[in-house]
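TrEMBL annotations:
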TRANSMEM  17-38  transmembrane segment
TRANSMEM  80-99  transmembrane segment
TRANSMEM  120-145  transmembrane segment
TRANSMEM  165-184  transmembrane segment
TRANSMEM  191-212  transmembrane segment
TRANSMEM  232-258  transmembrane segment
Amino acid sequence: MSLVVFRQTLRQVRRTIGVLSLGAGVFFYLVLFASSSFTKDAPSVPFLQSPPKAMTAFLGGSADFFHPGGWLSLGMTHPVVLALLTSSALLVAAGSVATEIERGTIDLVLTRPVGRVRFLAAKAAASIVAVTAAEAGGLAAVLVARQTITGVSSLPMAAVLRAFAGSWLLFAGVAMVGLLVSAASSLRGRAIGITVGIVVGWFFLNFIALLIDGISGLRFASPFHYFRPVDLLGGTAAGGDLVVLAAIPVVAGVAAVVRFTRRDLTR
């Protein structure tokens, strides 16, 4: 890995990383703050006690509004959080190669004693740092909420760490898929568009599969199926799910290296 490329890449995106981390932290805190009125008073609202299937499918298969763990799970699968974490994953990854080719600077970069593999490894590492920073912002907010919001202190620390570890694996995979798409693209906009399309497709594939029983088997084709915060928080997540989540960034990262080392950079 080229440390020069790694440091320069992080220097270019450090402000954006900070904003995304802060945004994730603020949103998680607000979600848990909102939970206090439900976990304290437990209103008897049939709609909340038995949410419609469409709502539970949209939230990843579960919707518990009367326990802090349910609200944390809701926050981790909320579109705002998914958007923030996807942005952090693609901040570096989606433009890692395509941007340099689009600018016409890729040859200049690689004529230095860097090499394609070291260059791509540095971009991959910077992408993982961006994801880690955003996840850390959310985790820090949950830890603060445990100390300052009524009822949230009942969340076990180990359970919170498991849930965020699962989220980190999911979005590390998104980052490496973005790296793979960028390694095969020559335009940054196209690389971002394709990767965002893939992520949205994964999300809605899981949503539709949970909503319609006849095609429920399709959920296994979506990485979002293997990330179920409620199971991670409850300690009931299958080990195989985490293996799948861990395999995605590894496979995508290796594929990105193979594709980048073999491609003609003039096209």
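The backbone N, Cα and C atoms fix where each Cβ goes, and this holds for glycine too.
Within the same chain, residues 9, 13, 16-17, 20-21, 23-24, 27-28, 106, 120, 123-124, 126-127, 130-131, 133-135, 138, 167, 171-172, 174-179, 181-183, 185-188, 190-192, 195-196, 199, 203, 260 sit at least 6 positions outside the transmembrane segment (80-99) and bring their C-beta atoms closer than 8 Å to a C-beta of that stretch. By number of Cβ pairs under 8 Å, the transmembrane segment (232-258) is matched best by 165-184 from the list 120-145, 165-184, 191-212.
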